Amino acid sequence: MEIKDQGAQMEPLLPTRNDEEAVVDRGGTRSILKTHFEKEDLEGHRTLFIGVHVPLGGRKSHRRHRHRGHKHRKRDRERDSGLEDGGESPSFDTPSQRVQFILGTEDDDEEHIPHDLFTELDEICWREGEDAEWRETARWLKFEEDVEDGGERWSKPYVATLSLHSLFELRSCILNGTVLLDMHANTLEEIADMVLDQQVSSGQLNEDVRHRVHEALMKQHHHQSQKKLTNRIPIVRSFADIGKKQSEPNSMDKNGQVVSPQSAPACAENKNDVSRENSTVDFSKGLGGQQKGHTSPCGMKQRLDKGPPHQQEREVDLHFMKKIPPGAEASNILVGELEFLDRTVVAFVRLSPAVLLQGLAEVPIPSRFLFILLGPLGKGQQYHEIGRSIATLMTDEVFHDVAYKAKDRNDLVSGIDEFLDQVTVLPPGEWDPSIRIEPPKNVPSQEKRKTPSLPNGTAAHGGPEQHGGHSGPELQRTGRIFGGLILDIKRKAPFFWSDFRDAFSLQCLASFLFLYCACMSPVITFGGLLGEATEGRISAIESLFGASMTGIAYSLFGGQPLTILGSTGPVLVFEKILFKFCKEYGLSYLSLRASIGLWTATLCIILVATDASSLVCYITRFTEEAFASLICIIFIYEALEKLFELSESYPINMHNDLELLTQYSCNCMEPHSPSNDTLKEWRESNISASDIIWGNLTVSECRSLHGEYVGRACGHGHPYVPDVLFWSVILFFSTVTMSATLKQFKTSRYFPTKVRSIVSDFAVFLTILCMVLIDYAIGIPSPKLQVPSVFKPTRDDRGWFVTPLGPNPWWTIIAAIIPALLCTILIFMDQQITAVIINRKEHKLKKGCGYHLDLLMVAVMLGVCSIMGLPWFVAATVLSITHVNSLKLESECSAPGEQPKFLGIREQRVTGLMIFILMGSSVFMTSILKFIPMPVLYGVFLYMGASSLKGIQLFDRIKLFWMPAKHQPDFIYLRHVPLRKVHLFTVIQMSCLGLLWIIKVSRAAIVFPMMVLALVFVRKLMDFLFTKRELSWLDDLMPESKKKKLEDAEKEEEQSMLAMEDEGTVQLPLEGHYRDDPSVINISDEMSKTAMWGNLLVTADNSKEKESRFPSKSSPS
């Protein structure tokens, strides 16, 4: 048989065509020179299994730029067609380059715009005494799902592993089979006629079996979700199914049955029933019904109706349809064995436009691709593997796009070759192909396969993706007074109304209820501590009022409403020092505090006017993590400390003698030696110790009259209290455990997705509610939340407004600027570091941030609170992180086995606004709030602190100290930074964290903001210990000097010029086919040299020779 050259065979046989006709690409049987193979080469071949590159989680928007390469493409085709026999394609024309060229082109119509694909594999099934039918055996959205043998259920999604032999056979099928691109057809029967006519005309199918093949293709399709109607009522039904049915659209008839589209008449003329934009499927036109349907969450509208009673009916799996993205199309793979065939029938069809082929696919979406493989008996498993191969290829992100944009079979073969060039081979002796690989949590991006890059095998020395930098336009200096503030207002104003509309979600309600309980306790506790430190001049009611007023104003007009304002430790330390100073020198505390607050507000406004917030760009991950870790640890420490302090109020007897229980008592007695203060109090209250019946007093009365407790059941100044401390410990740890368990309930396997999502969103609120009910039912008098019940200042000698001067000397107003400078640093650092953490790029915020506007609102409200004698409030790190975590958005339509993709944060103002409105109204809800046990709130604090530690890289690196290298996680920085450098970076960060902790818990806590600022300089000094590349992986790069930037820009320009010169260099092939870089290969050329490919070509030759002895009986159509 005459051997044809590769270039001629790869060229389409119909170079010109009418737009209304399908592109027919016949191809050839040989693409390389004839090769002889040794017997042992063929017999000793072993199957290699390939780990397929899994597709990207959600398909990104495809590039639509206009490529000016059509003329060049035409010229390349003419050049290829003019190659002499035996000529090779140029070495630089690799499949990867051709695929990148294909994906870079833009078509004039929308028919070649890639859509998401649902792929279904059907195999023809023959049973004795029954009519043959097509049975669904596997399906793909992102990962493979198989129908379990005999189980009548779907397998868990898994990553497909393919044999190299089946991929080669698939490539041969595309090369030698029938390829029909952009076929215009409306029914499966039309498609079958066109395919078989082409097969007969090309001599690939005998005319005498055409009719029988046509009948086989038109057999009924049976899907896994299809169930025949019976009179039997299922008795056993799982709760998950019940929940699933309740959560699904109820647009079906009362039985939940719809007509099997296979048995319904097809509408051949109306091809506009399929909408290309949102995949709207109109069943009423195909079935003649009038009943309207329901629009699914993914945008697919079904109009379903019942057919005649004698027709077989099937259920549409609406739960599975929710997982199909909007605009998705179907790819149908039909494979099987037919006893009357003596050779394989192969066809690849792309429809234009996509058509709803009723009954062909499991779900009612339009079909775009069909792959048909029918052959003689005895090769069923081989056909099945080829079908799995093409189905897996259709889920590959790159080949999927190539299939949509391909102009001929050459493009499809290039797509297969590019796929082969990217796969990973698993050794057959070290891997069991029956093992199903679990889908990965994070699917790698395939964008580098779509864009031109360095040659094969050449490592690209690129840097890491910068996720955490703060070099956005929000932090650019404007050089104008209030320039940054004006830009912040312009940036946030367009989103103001959407900040309220976007809050209509159950997730926001859950976040609001949770954070209200979480914010109430620290505000009241802070007010109580402040009341003790200031002798009641600022206490709980002032704290509640100040937090509510400041929070409402900030939530309405702040630049980043996701930030939650709260009280901080350094502020409390400052208040204590200031009160002690005023008491020693006889100054009015509230008046001097008002002067300091007004100066602080003024200085903060000056910082806003001069764009000082742009200095935030020097706060890198190193500083952020140290600060955030410290606040989280403080939350955990204080929660445990508060629980431990309960033992002082509710002591227990650790050494009981059970035999003396009848003698245990604790009585109130008159003090033996009352203090002078006690005697003075008795005289002022006209109380005589001899007139008091001390034995009849209650515990609180005895304490108020300064009596003494005497008896075996008395502790140090208190009577022993049974059960309360232990019950508080149980409530504390039960709250932590239940909150964490319910929060993770979203990833469990029980109940429908909607139920799991709601439980996870309301986890903390449900926990608090359950603990309150249990505590109320048990009846043990645990300590409860104490909320002021009257809205008035704590002390009667003060009002709601304070004059800055008051009784103090005039010079105190001027002197107040000195402590105001320290307060300004405190407010600026606390506010901006928290804002930086909230605005990190990992959170995918879309509405921008407003550092200048945030600082302005804090400054204004600080001045207002100073005049009204209320506490100062600034951004609370842990509460803000918790707020952001409670509003995370994930994709609703996710393929089976695919992890929901993080989409961003639900950015809105309502949750913060409602938290502080309700906080201000808490005075009127005392009768409800008094039932909340304090140990439950302490448990919430511990949970918040521990959950906020997740995602902090510092703690991941700390765990590496105790891990052997082979057991360490595959962190990206461990690939590029030596382990000793990673440990050195961690030790420095831990040392800084320890120093911050020492200062925070000591009397020097007022200088804590100064130490946080010092971390920026410590990070700058680390440039001498680490290279720039190492710091880019371990931390964010700090802004550099202008001179250094210019030098780097010049170097980059020189490198780009050299790269352009290299691209323009013409490389001439040398004698002996010498290759200057052995790592650069052409997968198509190398494949043609393999024994496996040669074996397939020998088989194809035999088929051709057999065909020549039995010529076709029909003429070409």
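From the backbone N, Cα and C atoms, a Cβ is placed for every residue, glycine too.
Sequence-distant contacts of Asn676 (N-linked glycosylation site), defined by Cβ-Cβ distance under 8 angstroms and a gap of at least six in the same chain, do not exist. The feature N-linked glycosylation site is assigned by Swiss-Prot to Asn676 (among others), with sequence analysis given as support.
Taken from Swiss-Prot, the feature N-linked glycosylation site applies to Asn686 (among others), supported by sequence analysis. Classification of Asn686 (N-linked glycosylation site) by DSSP places it in coil, neither helical nor stranded.
For Asn696 (among others), the entry in Swiss-Prot reads N-linked glycosylation site, with the evidence type sequence analysis. Its Cβ placed at the centre, Asn696 (N-linked glycosylation site) has 10 other Cβ atoms within 10 Å.
Annotated phosphoserine per Swiss-Prot: Ser89 (among others), in sequence order.
Under the three-state DSSP scheme, Thr94 (phosphothreonine) falls in the coil class. Per Swiss-Prot, phosphothreonine is recorded for Thr94.
If you look up Swiss-Prot, you'll see Ser275 (among others) marked as phosphoserine.
Taken from Swiss-Prot, the feature phosphoserine covers Ser1056 (among others).
Here Swiss-Prot flags Ser1084 (among others) as phosphoserine.
As annotated by Swiss-Prot, region 'Disordered' applies to 1-23 (among others).
Summarising the annotation, Swiss-Prot assigns region 'Disordered' to 58-97 (among others).
The region 'Disordered' annotation in Swiss-Prot covers 282-309 (among others).
Annotation comment: Swiss-Prot describes 431-476 (among others) as region 'Disordered'.
For the topological domain 'Cytoplasmic' (1-508), the mean pLDDT of the prediction comes to 66. If you look up Swiss-Prot, you'll see 1-508 (among others) marked as topological domain 'Cytoplasmic'.
According to Swiss-Prot, the feature topological domain 'Cytoplasmic' maps to 617-625 (among others), an assignment based on sequence analysis.
Remark: secondary structure over the topological domain 'Cytoplasmic' (741-761) totals 16 helix, 0 strand, 5 coil, with classes taken from DSSP. Residues or ranges marked as topological domain 'Cytoplasmic' in Swiss-Prot (evidence: sequence analysis): 741-761 (among others).
Annotation source Swiss-Prot lists topological domain 'Cytoplasmic' at 830-854 (among others), citing sequence analysis. Residue counts of the topological domain 'Cytoplasmic' (830-854) by helix, strand and coil are 16 helix, 0 strand, 9 coil (DSSP-based).
All protein chains included, Thr94 (phosphothreonine) registers 23 other Cβ atoms within 10 Å of its own Cβ.
Outside the transmembrane segment (538-558) by six or more residues, the chain places 519, 523-524, 526-528, 530-531, 564-567, 575, 590, 786-788, 790-794, 850, 853-854, 857-858, 860-861, 864-865, 868-873, 909, 912-913, 915-917, 919-920, 922-923 with a CB less than 8 A from a CB of the stretch. Residues 515, 519, 522-523, 526, 529-530, 533-535, 537-538, 543, 547, 550-551, 554, 588-589, 592-593, 596, 634, 819, 822-823, 826, 830, 834-835, 838, 854, 858, 871-876, 879-880, 882-884, 887, 905, 907, 912, 915, 1000, 1003, 1005-1006, 1008-1009 of the same chain lie 6 or more positions beyond the ends of the transmembrane segment (562-582) yet place their CB under 8 Å from a CB of it. Under DSSP, residues within the topological domain 'Cytoplasmic' (617-625) fall into helix, strand and coil as 7 helix, 0 strand, 2 coil.
Through the fold, the transmembrane segment (626-646) approaches residues 569, 724-725, 728-729, 732, 783, 833, 837, 877-878, 881, 934-935, 938-939, 941-942, 944-946, 948-949, 952, 954-955, 989, 992-993, 996-997, 1000, 1012, 1015 of its own chain, all at least 6 residues removed from its boundaries and within a Cβ separation under 8 Å.
Across the structure, Asn696 (N-linked glycosylation site) and Asn686 (N-linked glycosylation site) are spaced 19 Å apart at their Cα atoms. Beyond the ends of the transmembrane segment (998-1018), by six or more residues, the same chain brings 569-570, 573-574, 577, 618-619, 622-623, 626-627, 630, 634, 822, 825-826, 828-830, 833, 988, 992 to within a C-beta distance below 8 angstroms of the stretch. Geometry remark: Thr94 (phosphothreonine) versus Asn686 (N-linked glycosylation site), CA distance 104 Å.
Pairs of Cβ atoms less than 8 Å apart link the transmembrane segment (509-529) most often to 912-932, out of 596-616, 809-829, 855-875, 912-932, 935-955. Taking residue pairs at least 6 apart in sequence, the transmembrane segment (935-955) and the transmembrane segment (855-875) share fewer than three C-beta contacts under 8 angstroms. Contact between the transmembrane segment (935-955) and the transmembrane segment (596-616) is not supported: fewer than 3 Cβ pairs lie under 8 Å, counting only residues 6 or more apart in sequence.
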